[in-house]
Amino acid sequence: MFRLARAQTALANKASVSRSFLRLNSSFAIPETQKGVIFYENGGKLEYKDLPVPKPKANEILINVKYSGVCHTDLHAWKGDWPLPVKLPLVGGHEGAGIVVAKGENVKNFEIGDYAGIKWLNGSCMSCELCEQGYESNCLQADLSGYTHDGSFQQYATADAVQAAQIPKGTDLAEIAPILCAGVTVYKALKTADLKPGQWVAISGAAGGLGSLAVQYAKAMGLRVLGIDGGDGKEELFKQCGGEVFIDFRKSKDMVADIQEATNGGPHGVINVSVSEAAISMSTEYVRPTGVVVLVGLPADAYVKSEVFSHVVKSISIKGSYVGNRADTREATDFFTRGLVKSPIKIIGLSELPEAYELMEQGKILGRFVVDTYK
């Protein structure tokens, strides 16, 4: 009697598991728990601990995240100093690269075993005017990885299959991780500047995680690149990335004059990836007449100030550029896979994330930190 009951229970459990994995279309053994970093309040302790493995919805894929880039946005999400509130508790991270291990029943564009990337934009409505025009990141219903949706600072994370990045097999997952946000973001910013080969572009914050990639994308687009930054090793990294002229803001006595002299009248475009409010406003002074200033970095509570008379007489433009859409992602990834862009990364363990945030706050990071989720 009891033996029969146990057999029936075991059969029912097996059927339940089979249905579950069939529903998820998974052929991988997926654990119930995983390691991740989570915080329960803004500015609170970053806890490296066991977390439940999420289950993908019908439109989602489950990615076994191998590596994730560490972005300034992750720092803002933890601090909670942006006007957009984060979900709490939260697992941060939005530059995750890994392998698809499960998918919902409605997913058609990914197969189990494919390489996939988690981006800042996790999902959008795909039916509003903005989404129809390719501005998915501006959708009022946008779901953001590592901000409103648990992100890639964990070993398993979900992503909307429509927005997830498709990564070619054989790609170095550690090196492509920063491309999924930093790379796409600066690539889109350079497209927004709409410059022509041979023209000058200034990258403000040229040796950081975004800036070091912006220098390379700009060079690959045929632009002449002036970099602005300050700190040990930053000029060397800038030159390694292909930059032409470096201005150290710590040493320059007249930034505007030095930049305009180096570029024969000022750069045709400026990409502001720095989080310095003063540097952003200064870019409106040194950009050449008819030039364009592109805002990318997001310092909390900051304003860009442009003196109206000069703004009008010089006929300059100020534009905001906010990440990129699916086409931008595909194009930015293609630059990387063809070897035109390389990620200057330092790999650390996921458990070391708090130390990475501390160095980021101090402005001591060259290139990009990438976390190994299994360390």
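Cβ coordinates come from backbone N, Cα and C, glycine included.
When the candidates C139, C181 are compared with the Zn(2+) 2 site entry in Swiss-Prot, which names C125, C128, C131, the shared residue is C139. It is C71 that, of the binding-site residues C71, C125, C128, C131, C139, has its Cβ surrounded by the most other Cβ atoms within 10 Å. Comparing C-alpha positions, K234 (NAD(+) binding site) sits nearest to H94 among the binding-site residues H94, C125, C128, C139. Within 8 Å of the Cβ centroid of the Zn(2+) 1 site, not counting the listed residues C71, H94, C181, the chain contributes G69, T73, D74, G93, E95, K119, W120, S145, G146, L180, A182. Reported as a whole number, the C-alpha separation between G211 (NAD(+) binding site) and C125 (Zn(2+) 2 binding site) equals 31 Å.
Across the structure, C128 (Zn(2+) 2 binding site) and C181 (Zn(2+) 1 binding site) place their CA atoms 23 angstrom apart.
Within the same chain, the residues at least 6 positions away from G297 (NAD(+) binding site) whose Cβ sits under 8 Å from its Cβ are H72, G205, L210, N272, V273, S274, V275, S276, I280, listed in sequence order. Of all the Cβ atoms in the protein chains shown, 24 others lie within 10 Å of the Cβ of K234 (NAD(+) binding site).
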